[in-house]
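OK, TrEMBL features for this one:
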type	residues	note
TRANSMEM	34-54	transmembrane segment
TRANSMEM	138-163	transmembrane segment
TRANSMEM	175-191	transmembrane segment
TRANSMEM	260-278	transmembrane segment
TRANSMEM	354-373	transmembrane segment
TRANSMEM	417-434	transmembrane segment
TRANSMEM	446-467	transmembrane segment
TRANSMEM	473-495	transmembrane segment
Amino acid sequence: MEKVKESKVTKNKDDLDNHDDACWWSIHKGVKAIFLSISLFALLVRVAVSLHPYSGAGIPPKYGDYEAQRHWMEITINLPAKDWYQNSTTNDLSYWGLDYPPLTAYQSYIHGLFLKLFDPESVSLFTSRGYESYFGKLLMRWTVLSSDVLIFFPAVLYFVLAYSSNNSSFRKSDLAWQIAILLINPCLILIDHGHFQYNCISLGLTVGAMAAICTDKDLVGSFLFTLALNHKQMSAYFAPAFFSHLLGKCMRRRNPIVEVLKLGLVVLGTFAIIWLPYLHSVDAVLQVLSRLAPFERGLYEDYVANFWCTTSVLIKWKRFFSVKLLKFLSFTATLSTCLPSMIQQIRFPSKQGFLHGLLCSSFSFYLFSFQVHEKSVLLPLLPASMLALDEPSLFIHFLHYALLSMFPLIVRDKLVQAYLAIYALTFLIINASNKGQRKGRAFQSARVLFGFFLFCSLVLHVVYLVVRPPERYPFLFEAVIMLLCFSQFTFLAVFSNIKQWTLSKDVQPMDKQKLN
């Protein structure tokens with residue numbers, strides 16, 4: 001009799017498991033269809049933004065980031081790899097010299113071949129400097145669009161499926177909202193498809209790495225994140241979170257030293273393959289590294305909403321402190337503000353804690369590291385977007401001020417029309433879901449204060465466009481925008497760290513056991 005009962009229980013359990021698998025298969029199948037629809041719309045938004053001007057359009061002698069990317073294509077297809085980072089008569093590093101890791105150079109080479117096939121004059125050595133044409137712009141825009149579709153879009157789908165597979169409370173509408181939030185990221189679209197850059201590649205690789213780690217494919221995640229680091233050194237904003245989370249997981253396994261060695265081999269092997277053209281001598285490696293850390297540019301650029309630029313209103317950091325001392329201060333401040341988040345993940349590694357750790361470490365780098373500019377806000381915004389289902393208020397609040405912090409750059413690039421349109425579209429999408437209308441406890445308790453700050457940010461948009469600043473203070477409005485955004489970013493950084501530590505109380509029992 002007992003055997004019969006046991007067999008029935010086993011059968012019911014198997015039926016339930018099969019039912020759950022079937023449900024998740026059908027949900028994932030539905031998500032893929034939703035993803036395709038949203039992707040097509042997101043692609044149309046990108047195309048619409050790409051019709052607007054780009055950075056430095058028609059402004060000689062150095063133009064802007066568009067010319068920098070084009071020039072790297074010119075250099076990489078006309079010179080051997082060993083000369084890409086060397087100053088010479090054929091490669092003047094003072095004119096947009098390569099200052100990103102080798103994977104960016106390889107990407108420039110591939111895109112340069114594409115341009116050479118259809119418009120050879122646009123990448124001819126020397127004579128193509130400052131090259132501007134409608135067809136050339138069209139080809140350059142297509143290289144960004146294709147990079148987005150081939151790398152960032154699939155990575156987003158991978159992440160949404162991976163993150164939702166462990167949470168049955170997410171409905172299809174929630175996942176659709178999450179996909180829309182990630183694919184129609186106004187800051188990323190304006191920078192990549194308006195201003196002109198390829199952040200979608202490094203961010204896409206990072207999203208893929210996050211998804212892999214959320215599904216316990218740690219070696220794949222390490223490989224993808226190493227690729228991201230070798231595409232843009234700013235991906236190091238996420239390095240403390242990856243390191244601490246993976247170390248925390250390794251320490252809970254049966255053979256932690258073996259697990260750490262496996263991850264180390266993947267990372268070192270990937271670096272070795274990418275840096276192969278420069279491993280023939282120490283000098284060649286050091287030359288590339290010197291290009292990746294341009295300390296001579298200063299502690300910060302323009303009016304970025306971080307600690308150093310904001311406090312420079314009272315303390316003239318650049319005037320009274322040496323570059324060597326500023327490097328030490330920024331390193332110490334960045335590392336010390338990362339430590340609480342890192343300790344939490346080493347002690348209590350969890351998937352949601354990992355995402356919070358990514359947000360905390362990227363905030364630390366944005367607020368305190370050396371040589372930060374407005375576009376760097378894309379990095380903390382990425383994990384905030386990925387946490388949008390769990391922390392919608394944090395994401396929405398952050399997005400408002402991330403956009404505001406970029407507004408002076410957008411005005412310089414003549415992208416105001418695109419900015420206003422995508423700003424309105426984004427917040428229509430946000431409020432289309434009840435997730436976007438749900439307020440967190442911390443935000444509810446201070447809703448009057450946050451409402452006042454939001455009103456100020458909207459007023460600042462109008463003032464910046466229509467009011468001329470006093471002649472004595474030509475950058476007054478940029479400074480006010482910087483101060484307001486810095487105050488909000490600081491609050492969000494503190495809130496994120498506190499939130500991450502509160503997750504320690506909710507770690508699943510499975511996470512506290514030794515992993516196989």
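Cβ atoms here come from the backbone N, Cα and C positions, even for glycine.
Help me understand the surroundings of these features in the structure.
Sequence-distant contacts of the transmembrane segment (34-54) (same chain, six or more residues past either end, CB-CB distance under 8 Å): 64-66, 137, 141, 144-145, 148-149, 153, 156-157, 160, 172, 175-176, 179-180, 183-184, 189-190, 192-196, 413-415, 417-418, 421-422, 425.
Within the same chain, residues 210, 213-214, 236-242, 244-245, 294-295, 297-302, 304, 306-309, 326-327, 330-331, 333-334, 337-338, 340-342, 344-345, 379-380, 382-384, 386-387, 486, 489-490, 492-493, 496-497, 499-500, 503 sit at least 6 positions outside the transmembrane segment (354-373) and bring their C-beta atoms closer than 8 Å to a C-beta of that stretch.
Packing against the transmembrane segment (473-495) from elsewhere in the chain are residues 302-307, 309-310, 313, 337, 360, 363-364, 366-367, 380, 384, 394, 397-398, 401, 404-405, 407-408, 442, 453, 456-457, 460, 463-464, 467: each is 6 or more residues past its ends and has a CB under 8 Å from a CB in it.
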Same chain only, please: residues at least 6 beyond the ends of the transmembrane segment (175-191) with a C-beta under 8 Å from a C-beta of the stretch. Say none if there are none.
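Cβ under 8 Å, 6 or more out: 31, 34-35, 38-39, 41-42, 45-46, 49, 153, 156-157, 159-160, 164, 197, 199-200, 203, 207, 375, 377-378, 381, 385-386, 388-389, 395, 399, 402-403, 406, 410, 415, 418-419, 422-423, 425-426, 429-430, 432-433, 435-436.
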